[in-house]
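According to Swiss-Prot, the features are:
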type	residues	note
BINDING	Gly12, Ser13, Gly14, Lys15, Ser16, Thr17, Ser175, Lys176, Ile177, Asp178	GTP binding site
SITE	Asn71	site 'Stabilizes the phosphate intermediate'
Amino acid sequence: MPFAQIVIGPPGSGKSTYCNGCSQFFNAIGRHSQVVNMDPANDALPYPCAVDIRDFITLEEIMQEQQLGPNGGLMYAVESLDNSIDLFILQIKSLVEEEKAYLVFDCPGQVELFTHHSSLFNIFKKMEKELDIRFCVVNLIDCFYMTSPSQYISILLLALRSMLMMDLPHINVFSKIDMLKSYGELPFRLDYYTEVQDLDYLEPYIEKEGSSVLGKKYSKLTETIKELVSDFNLVSFEVLSVDDKESMINLQGVIDKANGYIFGASEVGGDTVWAEASREGALIANYDIQDRWIDNKEKYDKEEEEKRTALLKEQELQNKAVDVNEEDEWENALKEWEEKQGMDFVR
């Protein structure tokens, strides 16, 4: 049974960086994975790509041939793939049936593709039907949107709409969480925003933003959106810093539960011990995100830097290369995680 992540999110939310981090992380735990680029405009991929939509269609060609702008060209490209999907699915089939690969789909950043337009949804539904892939949507959103109450409310609406549109297991993630403290102090604790607690507490802050005549009209709209999100009560968030190994480990544990990977890992192979630990709940960190990313961020960052320095020294003592690559760092982070959980992964 094949499994996959569909990585979506607004432009600049760190989707390609996350996919690259996933590739390194899965290599470290022994999970055979492949990344699929679904963005016809992305010609500078930071990761090795197994299947690239640009081999079928590119944004530059569409814009030139159809006289379309970037957004229109992207919509046209995805529609074209939707209408002639057979060869693309054949390549995906080879990855999941012959290579037994866990897939990560790196999607375009235009939000209308996963909130209002049906082509991207149709593509994944066809793959789900023909290949029986168990998907989980990972919706990355820059944590900067937490700094403004009205922007936070708008992001909640975007996340809700994406969940309803894609109709798949869905994990919303505030990315670049290591940058949040530099944006200024938040009026509430971090878990207020990740758990989407009582939104009525935001009302006085929304009123402050809407002091002008036009702002007051937007305040009424924001209030209506707030009520809608509260009525559905579906949205919540995880947090992620790709450079922080523990937050990445924690997120992958959550995703593996969402798409059912922990119950079918033996059919994929390569990381059954990780899957067993996930089933037992050992990989889900029970740490205070307010403490880690706001109150004592500098302390935790210093500890991480000390660990990295110690690893470099260890490599030097073993007469290995001084430059520790990402997979070495993942191996080290996983060993530390195992020690905390009192287990020993066999890789």
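Any Cβ shown, glycine's included, is placed from N, Cα and C.
From a predicted model like this one, the values you see are computed outputs, not experimental measurements.
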Task: Listed in sequence order, residues with CB under 8 A of Gly14 (GTP binding site) and six or more positions away - done: Leu140, Asp142, Ser175, Lys176, Val242
Task: Residues that sit under 8 angstroms from Ile177 (GTP binding site) by C-beta distance, when 6+ apart in the chain - done: Cys143, Val239, Leu240, Ser241, Ser247, Ile289, Trp293
Open item on the list: Let me make sure I understand the structure: which of the recorded positions listed (Ser16, Asn71, Ser175) has the fewest other Cβ atoms within 10 A of its Cβ?
Closed with: Asn71
TODO: Express the distance between the Cα positions of Gly12 (GTP binding site) and Asn71 (site 'Stabilizes the phosphate intermediate') as a whole number of Å.
DONE: 16
- [ ] Tell me the Cβ neighbour count for Gly12 (GTP binding site), meaning other Cβ atoms within 10 Å of its Cβ, over all protein chains shown.
- [x] 12
Open item on the list: Measuring Cα to Cα, how far is Asn71 (site 'Stabilizes the phosphate intermediate') from Ser16 (GTP binding site) in Å?
Closed with: 19
Open item on the list: According to DSSP, collapsed to three classes, what secondary structure does Asn71 (site 'Stabilizes the phosphate intermediate') have?
Closed with: helix
